[in-house]
Amino acid sequence: MAKHLFTSESVSEGHPDKIADQISDAVLDAILAQDPKARVACETYVKTGMVLVGGEVTTSAWVDIEELTRKTVREIGYTHSDMGFDADSCAVLNAIGKQSPDINQGVDRADPKEQGAGDQGLMFGYASNETEILMPAPITYAHALVKRQSEVRKNGTLPWLRPDAKSQVTFAYENNKIVGIDAIVLSTQHSPDIAQADLIEGVMESIIKPVLPAQWLSKDTKYFINPTGRFVIGGPMGDCGLTGRKIIVDTYGGMARHGGGAFSGKDPSKVDRSAAYAARYVAKNIVAAGLADRCELQVSYAIGVAEPTSISIETFGTGKVSEEVLIKLVRQHFDLRPYGLTEMLNLARPIYQATAAYGHFGRNEFPWEATDKAEALRADAGL
């Protein structure tokens, strides 16, 4: 029997890179709320006592960047100088400028349906039937752990927790089927007055056990809870944070390939984001239709050109029809031009800040997670 291990990691909303992602997407949402046709590319840098927000924007909207930044940091939980970062006292620098007219010229069209891609690039979408949400299990449960850390921090169950945390889960597979969890790593920032033994017990009882299915845990499962023994200094005081540095956490935890483009701070004309969402939508509908157990779709674009330069599909030997048939079905049922996918998924609206922590995929509140095309795909495939 073929056995293997596979590991994915996640980080909490208080991780420095995720603070940056959330600020970038908060700015994007605030602009889209006033101007759905805005062009936004917003990058954020955070370090002890400061936030730098930069990028390129073309819009009729006005947004109070400083107030928005402070509000976002406050909601995450950095509200005291003891943590090395305080929403009310940190410096906020605004370096946002206008998008190049050369890019506008390539993207905008008299007929909006012929809108060109905002850049060249390649994007991947993936789905697998190993979980109910058609996502790989390692990233799904890595997200669930840090999301739970945030919940018990905010509701007072574990009041000594602080916002920065990381998780990592290693699953054991036999013949590509899950047989158990081999190892769990959870590192969480904490106040200085909690003993290591109490922290380990609290994390195990209030975070790990409520989240991970008992049937996958065994006496051989290894647990690493704050393995350095101390994690008081964290967040932007521990490390600087940048938008777009957690692209594997944001997607499939390494289980699928990645085109390299980050998501946060980008409006839907940027195919790095919108086409990756559409590719997930396509792959998920193919798996939901029963046309494959696993599906990875690649799509690519040229700047200023509407039609994708390529579409390819890999089903890892699990396809019920050929990959040529699947590509034909994709072209028939999904409009992957930039305008088409924005319309198909209703992307020109302020829905992005919620994506910026705990993964962009596998969360049914987002439109790219719908499986409304599955029935038609199955019928047209003749199954």
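Keep in mind that glycine also has a Cβ here, set from the backbone N, Cα and C atoms.
Cβ neighbour count for Arg230 (ATP binding site) (all protein chains, 10 Å cutoff from its Cβ): 10. For His15, Asp164, Ala165, Lys166, Arg230, Phe231, Asp239, Arg245, Lys246, Ala262, Lys266, the entry in Swiss-Prot reads ATP binding site.
Taken from Swiss-Prot, the feature Mg(2+) binding site applies to Asp17, supported by sequence analysis. Other Cβ atoms within 10 Å of the Cβ of Asp17 (Mg(2+) binding site), summed over all protein chains shown, number 22. In the three-state DSSP classification, Asp17 (Mg(2+) binding site) falls within a helix.
In the three-state DSSP classification, Glu43 (K(+) binding site) falls within a strand. Summarising the annotation, Swiss-Prot assigns K(+) binding site to Glu43 and lists sequence analysis as the type of evidence.
Annotation source Swiss-Prot lists L-methionine binding site at Glu56, Gln99, Asp239, Lys270. DSSP classifies Lys270 (L-methionine binding site) as coil under the three-state reduction. Sequence-distant contacts (6 or more apart, same chain, Cβ under 8 Å) of Lys270 (L-methionine binding site) comprise Ala41, Gly118, Asp119, Gly261.
Per Swiss-Prot, region 'Flexible loop' is recorded for 99-109.
Ranked by Cα separation from Arg230 (ATP binding site), the binding-site residues Asp17, Glu43, Glu56 are led by Asp17. The two recorded residues Lys266 (ATP binding site) and Glu56 (L-methionine binding site) have their Cα atoms spaced 10 Å from each other. When each of the binding-site residues Ala165, Asp239, Lys266 is scored by how many other Cβ atoms sit within 10 Å of its Cβ, Asp239 comes out lowest. Taking Cα separation as the measure, Glu43 (K(+) binding site) is nearest to Glu56 of the binding-site residues His15, Glu56, Ala165, Lys246. In the three-state DSSP scheme, Asp239 (ATP binding site) is classed as coil.
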